[in-house]
Amino acid sequence: MKFVDEANIRVEAGDGGSGCVSFRREKYVPDGGPDGGDGGDGGSVYLQANENLNTLIDYRFTRFHMAERGTNGRGRDCTGHGGSDLVLQVPVGTRAIDQETEESLGDLTVNGQKLLVAKGGFHGLGNTRFKSSTNRAPRQKTLGTPGEVRSIKLELLLLADVGLLGMPNAGKSTFIRSVSRATPKVADYPFTTLVPNLGVVNPRPGQSFVIADIPGLIEGAAEGAGLGIRFLKHLERCRMLLHIIDIEPIDGVDPVYSARAIVGELEKYSPKLAAKPRWLVFNKTDLLLDEEIQAKIDRIVKELDWQGDVYTMSAYNRTGTEELSIKMLDYIRSLPAIVEEITADADVEFKWDNYHSAEDENANENYDDDFDEDFDDDDYDVEVIYQR
């Protein structure tokens with residue numbers, strides 16, 4: 001199945017049903033009073049995380065989604081039926097962004113988690129609601145409020161513990177194949193990897209972590225060179241980064257220059273992402289003699305002024321990959337557990353929150369005197385006796 005990590009959709013919540021103006025009319029009860037029911041609430045639109053999905057491809061072809069409208073109220077105090085909510089299934093790790101305000105509506109990081117993206121309209125009030133001692137036969141009602149309409153951008157961010165960084169042909173896909181059962185395409189030309197890949201690494205029985213491989217970066221990616229930086233978003237949730245450097249590039253480019261270019265593109269995209277823990281890993285050591293390897297590493301580390309962790313491996317021969325996997329596992333397990341921050345709901349005033357109270361006050365202040373003069377409140381409990 002094609003991997004799609006972005007989609008634009010339009011969601012429309014259902015409108016609220018309108019209230020009803022009706023009066024009780026039965027045999028022997030000519031002035032029964034108001035009995036118009038309220039309308040039903042409009043259906044809302046939700047996003048729900050589903051662990052069985054791994055792509056947003058369905059939303060590339062179906063872009064418009066609408067919840068059900070609430071039905072209108074009826075006589076005899078019949079309330080309208082509320083509209084059914086619309087629940088859209090998305091992969092775990094999906095982020096919803098309002099395209100008009102560029103506001104992040106929320107992230108779905110747990111299976112089954114739901115996110116409200118468009119609230120349904122509130123129901124209208126029937127004329128029974130406006131009954132009072134001075135307005136005993138009201139002919140007022142309110143309309144249901146319209147449901148929210150939003151244009152939303154869906155972004156799928158992969159959930160992984162370790163993210164791989166590096167130039168094209170640095171050996172990232174070969175590394176993920178050597179330490180996991182993932183099978184990304186490997187070839188001797190740049191940009192073999194066109195979409196992100198995930199692999200589960202099991203260095204010890206019962207202990208594992210997830211590693212993410214993204215397409216390679218080149219200088220100028222922030223301006224759109226190569227495949228651009230659109231795939232860097234998949235590293236935002238990684239707990240550490242593995243910067244893989246080709247120690248003996250076939251094109252003769254200095255590894256120092258390549259490493260600085262990667263860091264520069266990372267900082268342009270997100271300083272927060274650039275500040276994540278990062279290890280340097282020199283790959284393709286099988287192409288050099290042992291004495292050449294250390295000399296070259298010392299020179300690169302010195303020119304980069306690197307103070308962090310440094311490792312060597314040959315992903316093709318699987319030399320050093322197992323030891324590196326164990327060290328990554330130990331480091332990840334030493335990090336504090338991720339705790340989901342639960343923030344208090346913001347006190348947001350929706351446009352319909354005070355709508356009905358205002359309409360009620362306005363109706364009672366400016367009511368029409370057009371009502372039945374002989375109306376009797378006791379008619380609600382009247383006992384009807386049928387005689388021949």
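Glycine is no exception: its Cβ is also placed from the backbone N, Cα and C atoms.
Taken from Swiss-Prot, the feature domain 'Obg' applies to 1-159.
The domain 'OBG-type G' annotation in Swiss-Prot covers 160-333.
Residues or ranges marked as GTP binding site by Swiss-Prot on the basis of sequence analysis: 166-173, 191-195, 213-216, 283-286, 314-316.
Taking all protein chains in view, 24 other C-beta atoms sit within 10 angstroms of the C-beta of Ser173 (Mg(2+) binding site). According to Swiss-Prot, the Mg(2+) binding site annotation covers Ser173, Thr193.
In the three-state DSSP scheme, Ser314 (GTP binding site) is classed as strand. For the binding-site residues listed here (Lys172, Lys284), the lowest count of other CB atoms within 10 A around the CB belongs to Lys284. The Cβ neighbour count for Val195 (GTP binding site), using a 10 Å radius and every protein chain shown, is 17. In three-state terms derived from DSSP, Ser173 (Mg(2+) binding site) belongs to a helical segment. Counting only same-chain residues at least 6 apart in sequence, those with a Cβ under 8 Å from the Cβ of Gly166 (GTP binding site) are Lys172, Gly216, Leu217, His243, Ile244, Ile245, Asp246, Ile262.
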